[in-house]
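Student: This is the structure, below, for whatever I ask next.
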Amino acid sequence: MNMLIMGAPGAGKGTFSRLLREELNLNHISTGDIFRENISKGTPLGLEAKSYTEQGKLVPDSVTNKMVKDYLENLTDKKNGYLLDGYPRTIDQAKAFEEMTKGTDLAVDTVLVMDVPFEELTRRITGRRSCPKCGEIYNIYSNPPKVEGVCDHDGTALTQRKDDNEESLKTRLDEYSKNTEPVIGYYDEKGLVSHVDALGDKDEIWTRIKKVLNI
Ligand code: AMP
């Protein structure tokens, strides 16, 4: 299965990508995670992306498309396909991605869209914390760790993303409405989209996802 997971910031893409990649043995590619990793290592790509991501703006398409292309070209173990989280986020990226994968076994076959009302997203985003070591995602309101501030799995101190504040969130939501929602329409026309109601607790949402994907 070659799947895209889409939804507004805070819709739960990261959380459910982690479950889906285990369940289906997929390569999980998160463009946001790749940017954050490059920023923390201070690579040239990181330096280019830093000011955009910190303000909640999209990194230019040319940079992002090249990064995804390089990633796919270097993918040696294709597993059962991929789960692409956070890409494509503009119509131009969707077209570039189609070009990159045309005639290969990497063409998209499923697009999962996580639907959450915009009012809920601020609470999710400002409450989000994650483990820098294993990547587990928590929420201080709805899914707190057993001991405040530390990861249940490895005891590492949890961190908050720099762009998880109300100001960047506003820009991120604007970017989403303006640039990313049309991408859902683009794939809808190809008959590839399944929507899931992503409000509720984690187990409930997971059951719904498995149902819509038939897994
Ligand atoms: P995310 O972790 O998916 O919320 O992404 C965090 C940030 O990384 C975004 O706010 C953008 O600045 C950047 N980013 C991630 N994916 C893309 C993309 N496909 N196109 C442009 N910028 C992106």
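All residue numbers here begin at 1 and follow the chain in the order shown.
Note that Cβ sites are derived from N, Cα and C of the backbone, with glycine treated the same way.
Model, not experiment: these values are computed from the prediction.
Checked TrEMBL, it gives:
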- Gly10, Ala11, Gly12, Lys13, Gly14, Thr15, Arg128, Ile137, Tyr138, Gly200: ATP binding site (BINDING)
- 30-59: region 'NMP' (REGION)
- Thr31, Arg36, Lys57, Leu58, Val59, Gly86, Tyr87, Pro88, Arg89, Gln93, Arg161, Arg172: AMP binding site (BINDING)
- 127-164: region 'LID' (REGION)
- 128-163: domain 'Adenylate kinase active site lid' (DOMAIN)
- Cys131, Cys134, Cys151, Asp154: Zn(2+) binding site (BINDING)
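Surface or core, plus neighbours and distances: that's what I need for these features.
Tutor: Secondary structure at Gly12 (ATP binding site), taken from DSSP and collapsed to helix, strand or coil, is coil.
Away from its own ends, the region 'NMP' (30-59) comes close to residues 13-14, 17, 67-68, 71, 84-87, 89-90, 135, 161-163, 167-172, 175, 179 of its chain (Cβ-Cβ under 8 Å, at least six residues beyond either end).
Around the Cβ of Val59 (AMP binding site), a 10 Å sphere holds 19 further Cβ atoms from the protein chains shown.
The DSSP breakdown of the region 'LID' (127-164) into helical (H, G, I), extended (E, B) and coil residues amounts to 1 helix, 10 strand, 27 coil.
For the domain 'Adenylate kinase active site lid' (128-163), the list of distant contacts is 10, 14-15, 18, 33, 36, 53-56, 169, 172, 201-202: same-chain residues at least six beyond its ends, Cβ to Cβ under 8 Å.
Summarising the environment of Cys131 (Zn(2+) binding site), the number of other Cβ atoms within 10 Å of its Cβ, over all protein chains shown, is 20.
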Student: List the Cα distance (Å, whole number) between Arg128 (ATP binding site) and Arg161 (AMP binding site).
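Tutor: It is 8 Å, counting Cα to Cα.
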Student: Look at the binding-site residues Lys57, Arg128 and tell me which residue has the greatest number of other C-beta atoms within 10 angstroms of its C-beta.
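Tutor: Result of the Cβ crowding comparison: Arg128.
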Student: Per DSSP, Tyr87 (AMP binding site) is which: helix, strand or coil?
Tutor: coil
